[in-house]
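Take a look at the structure set out below.
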Amino acid sequence: MTPRLFALIPCAGTGSRSGSAVPKQYRTLAGRALLHYTLAAFDACTEFAQTLVVLAPDDSHFDARRFAGLRFAVRRCGGGSRQASVLNGLLELAEFGATDHDWVLVHDAARPGITPELIRTLVATLKDDPVGGIVALPVADTLKRVPAGGDAIARTESRDALWQAQTPQMFRIGMLREAILRAQREGHDLTDEASAIEWAGHTPRVVQGSLRNFKVTYPEDFALAEAILARPANAS
């Protein structure tokens with residue numbers, strides 16, 4: 001049987017670094033909620049069996065009317081960290097018929113620049129891979145190491161062979177679940193899915209990402225994201 005595709009959107013964060021009382025995934029950008037752009041990109045990929053949004057149990061900001069017409073499901077099973085929210089979401093996918101052999105693409109709600117084309121490129125590249133992988137970009141900037149709490153440069157780090165991880169991150173549901181469970185048992189709270197897969201001894205691949213697909217994190221990021229989203233994805 002051909003493995004099916006599922007999308008998982010952890011959306012339980014508060015976005016404290018964004019400088020807003022409203023979680024950043026619900027901020028309005030170019031006329032729509034930031035989360036809308038992620039859901040619309042996956043909705044356009046009709047080959048996906050389901051897109052699952054993981055909310056915090058006490059999320060009072062989510063309003064389904066802002067996402068009318070898009071195909072997705074919601075579960076209020078978010079945990080205290082991204083890793084916990086993703087694990088809880090993976091367990092919920094069984095309710096939609098997902099099996100361990102199926103693929104899941106985990107995507108940050110705060111990356112509204114994702115496009116159906118990038119999603120499909122990732123799937124086409126990795127669908128026959130035994131492990132899976134992520135979209136990422138080669139590091140372009142010069143990297144400086146500064147001690148925690150300080151402002152003096154300790155040294156310049158080589159950027160050779162360094163890539164900046166993005167999402168979606170695509171792995172088999174069973175492999176990812178077991179990798180996260182192992183990380184939890186060993187006391188690690190990892191910041192992305194590839195880290196858990198690596199911790200379990202596997203080797204994920206990288207697929208060329210896009211500058212458009214950056215993560216909205218700081219207050220100044222919203223204006224940049226709005227400018228990008230106001231333009232067609234293929235605009236030069």
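Keep in mind that glycine also has a Cβ here, set from the backbone N, Cα and C atoms.
Features reported for this protein in Swiss-Prot:
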{"type": "SITE", "residues": "ARG17", "note": "site 'Transition state stabilizer'"}
{"type": "SITE", "residues": "LYS24", "note": "site 'Transition state stabilizer'"}
{"type": "SITE", "residues": "ARG159", "note": "site 'Positions MEP for the nucleophilic attack'"}
{"type": "SITE", "residues": "LYS215", "note": "site 'Positions MEP for the nucleophilic attack'"}
Those recorded sites listed as LYS24, LYS215, and which of them has the most Cβ atoms within 10 Å of its own Cβ: LYS24
DSSP three-state assignment (helix, strand or coil) for LYS24 (site 'Transition state stabilizer'): helix
Euclidean distance between Cα atoms of LYS24 (site 'Transition state stabilizer') and ARG159 (site 'Positions MEP for the nucleophilic attack'), Å: 30
LYS24 (site 'Transition state stabilizer') and LYS215 (site 'Positions MEP for the nucleophilic attack'), distance between Cα atoms, whole Å: 11
